[in-house]
Amino acid sequence: MNAQASMSDFILQVEHLSMKFGGLVAIGDLSFQAKRGEITALIGPNGAGKTTVFNCITGFYKPTEGMITLNKRDGSTFLLERLPNHEIPARANVARTFQNIRLFSGMTLLENLLVAQHNKLMKASGYTFLGLFGFPSYRQASAESIELARHWLEKADLVDRADDPAGDLPYGAQRRLEIARAMCTGPELLCLDEPAAGLNPKESAALNELLMGIKGTGTSILLIEHDMSVVMQISDHVVVLEYGRKISDGNPASVRTDPRVIAAYLGVDDEEVQEVLTEVGDEDVIEQLDTGPDAAHGPGNSASMMAGPVSDSVEHANEGERVTVSKGASKAAQVDARANSTKSKPAPKSSTAKPRGGRK
Amino acid sequence: MAATVSSGRDAVATPIQRAFREAFYAGAISLGLFVLFIGLRTDQNITNELILVQRWLLLAIVVIAVTVGRFLYVAYAVPAMERSKAEKAATPAVVAEPGFIKQNFNRIGLVILLLYPIAMVLLFGFQGSLKWVDNFGIQILIYVMLAWGLNIVVGLAGLLDLGYVAFYAVGAYAYALLGTHFGLSFWILLPAAGCMAAFWGVMLGFPVLRLRGDYLAIVTLAFGEIIRLVLINWREVTNGSAGISGIPKVSFFGLISFNVSDPNYIAKVLHIAQSGAYYKIFLYYLALGLCLLTAFVTIRLRRLPVGRAWEALREDEIACRSLGINTTTTKLTAFATGAMFGGFAGSFFAARQGFVSPESFVFLESAIILAIVVLGGMGSLGGIAVAALVMIGGTEILRELDFLKAVFGPDFTPELYRMLLFGMAMVIVMLWKPRGFVGSREPTAFLKERRAVSASFTKEGHG
């Protein structure tokens, strides 16, 4: 990795980020960087904790541990985990979209984009007082904001429907509108949570074009995506999560061939798992998982933040928040286990395994 | 077929046959229901004994009315409605140009409101117009102003406030206390009362910021009750339930007074005959002015970023935060602005009555104001004004319906049925127009053309 790159090359630095919900570890010790002007994709299977990372970055969650640094173009630096929720878009210029689209459905497209320019217009309207009496400075700012909105409506190919309610738009157009709305806040970092979800190939291509256009304006993009065609085509850098941990990090080509990523996405054949388990011995596999980083807080078998089934999947030991992983939950860990087991095969088993207190 | 109560098995029967059968059933059900309600009545005789009065004739009239009504409805009204519906479906929908009244609704309404007292004086004379200007005109305008103020909190920001009457009370008591003790003029106390009410709006806003929906409604309800109970129990200041009387009258900016004893009494200044109607007419125009101020500020605020933020907050609070909107201050400004207009209305109310007591600020008032906002269509000023006219004017006019005594007997008092009719009217309006009289929303900005947003897209807000 670009360890030599200076700090300001990175727009976003996530260091040792952990997010725990009670006993559940949604993100465990995650570190990655996003370079300025690039599209960084955050991928991983369902429940890997991608959206939790987003919620930490945009202030909807306060992370349990770790540091999120944002370096703005003008040299100022913000520690996002310390900023209140609404100041992250306002001061640190981080904008986001949501996995389940959150538009102001009863307001027109134009109004949606004007709401996004709230802070700028608030200042121009003298915190309402000047605007109430119709001062020309506010009128000018208002006209400018409509021009900016028109610009982004054109980019998103929605200008014909500017005066329709946002709730009336088809799904794909709503996704584009949400991105346009986020862009109207004038962000330096744009966080997109599954922008291509539910889009048909044509809409997906239009989205790619929009995102490349945004990248061209110098805005860095952090992207959560399932659609591999989008990820591979447009992203410059890919971070892969599984069970709240980073399993791979690099350019799209290298990530694509990483066996751990393949295993995480496609899964290891059941037969292979069987093979591995019999080779190493069942308990050893669990041992391997436990000797990974931060063994005391191993990932749960579901990283979903939804409360219901989580408590079932998490075993609470007496000392508090120790979490166990169900056998073979992490596919990437199985790949590691297999790699280790093949390495250790010629040697006697005891040489790699931890001393077991003479039980065997 | 679906419009009738009976099931599909009689789909083959002709309307007349079915009508006979349903009329019979309806008659039987009404007989069963009303035999005890109407047929028998308990009463006291001259020796204070409880006796049973039998009213079979009245029962027969009611049952026959129900039977005939059901017959006519099923036999003629339902087929006619279905026919007209089919005709309407057959003819292609023509985009009707909105009529003259609809296009110039605001202008016509304003002209009527401006000419209303003059018309009343011409029709009934100065003394006769008092009732129409005061009981109808001013009363309705106060509720219009209150409802427009609450509309900012409930209709725009989507925060359900059941304790709005508290701000009305704060405004009224602010004027009553400061006016009687310090002799300050209405024109100084009006903004002061607004500011105090706004201050209490913020006071209420702080603790309820994290609450949403039902919880918010309950806390605001409690707040309204707290204010009322303080007014009742803080006797040294508020004079308890006895209230404050002798509140000074409003003057025309100190130039013209409405006190007969003053040297600048209106009749002396203008050399006209003495009459109490001048003051009422003046108050009417004052109320109208305050209403127009409320409307003007609301319309302006909606086009300002703060107004858009209120509406965005109603639509989606999380999205608001993701766009850098400080939801705390946005909610507080909504509470404060709404409360301020409540305070204006309150001080006007105190000036008009000349007397305030905690009885004027019970929960029912909050409920009526909220009902007006909901019936009018949340967020729509025109709809709310119409709703206030229908609800307040309607209940007031019940006092005038003396001819009903001829129908129902001399001991029938229509006023007592006010709340019943109020409730019935609300149910009917909600069935007929679930989003209020004006369900659509006027956008605050447009690129090419201003098109109303259908109510099916707007949200009511969650807190």
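Counting begins at 1 with the first residue displayed.
Cβ coordinates come from backbone N, Cα and C, glycine included.
Nobody curates TrEMBL annotations by hand; they come from automatic prediction.
Listed in TrEMBL:
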TRANSMEM  B:23-40  transmembrane segment
TRANSMEM  B:56-78  transmembrane segment
TRANSMEM  B:108-130  transmembrane segment
TRANSMEM  B:136-154  transmembrane segment
TRANSMEM  B:159-178  transmembrane segment
TRANSMEM  B:184-203  transmembrane segment
TRANSMEM  B:215-234  transmembrane segment
TRANSMEM  B:240-260  transmembrane segment
TRANSMEM  B:281-301  transmembrane segment
TRANSMEM  B:332-350  transmembrane segment
TRANSMEM  B:362-395  transmembrane segment
TRANSMEM  B:415-432  transmembrane segment
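Contacts between the transmembrane segment (B:184-203) and the transmembrane segment (B:240-260): present, as 3 or more C-beta pairs lie under 8 angstroms, all at sequence separation of six or more.
Ranked by number of Cβ pairs under 8 Å to the transmembrane segment (B:332-350), the listed stretches B:56-78, B:136-154, B:415-432 are led by B:136-154. For the transmembrane segment (B:215-234), the residues of the chain that approach it from at least six positions outside its boundaries are 159-166, 169-170, 173, 200, 204, 207-208, 240-241, 358, 361-363, 366, 463, judged by C-beta separation under 8 angstroms. Within the same chain, residues 173, 175-177, 179-180, 183, 185-187, 232-234, 266-267, 269, 274, 278-279, 282-283, 286, 350-351, 353-359 sit at least 6 positions outside the transmembrane segment (B:240-260) and bring their C-beta atoms closer than 8 Å to a C-beta of that stretch. Same-chain neighbours of the transmembrane segment (B:415-432): 368, 371, 375, 390-391, 394-395, 398-399, counting only residues six or more beyond its ends whose CB sits under 8 Å from a CB of the stretch. When Cβ-Cβ distances below 8 Å are used as the criterion, the transmembrane segment (B:159-178) is approached by residues 146, 149-150, 153, 184, 186, 189-190, 192-194, 196-197, 200-201, 204, 213, 216-218, 220-228, 231, 237-238, 244, 247, 331, 334-335, 338-340, 342-347, 349-351, 356, 358, 360-363, 365-367, 369-370, 461, 463 of the same chain, each at least six residues removed from its ends.
Same-chain residues lying 6 or more positions outside the transmembrane segment (B:136-154) and placing a CB less than 8 Å from one of its CB atoms are 116-117, 120, 160-161, 164, 167-168, 280, 283-284, 287-288, 290-291, 294-295, 298, 301, 310, 334-335, 337-342, 344-345, 348-349, 352, 368-370, 372-374, 376, 378-379, 381, 384-385, 387-389, 391-393, 396-397, 461.
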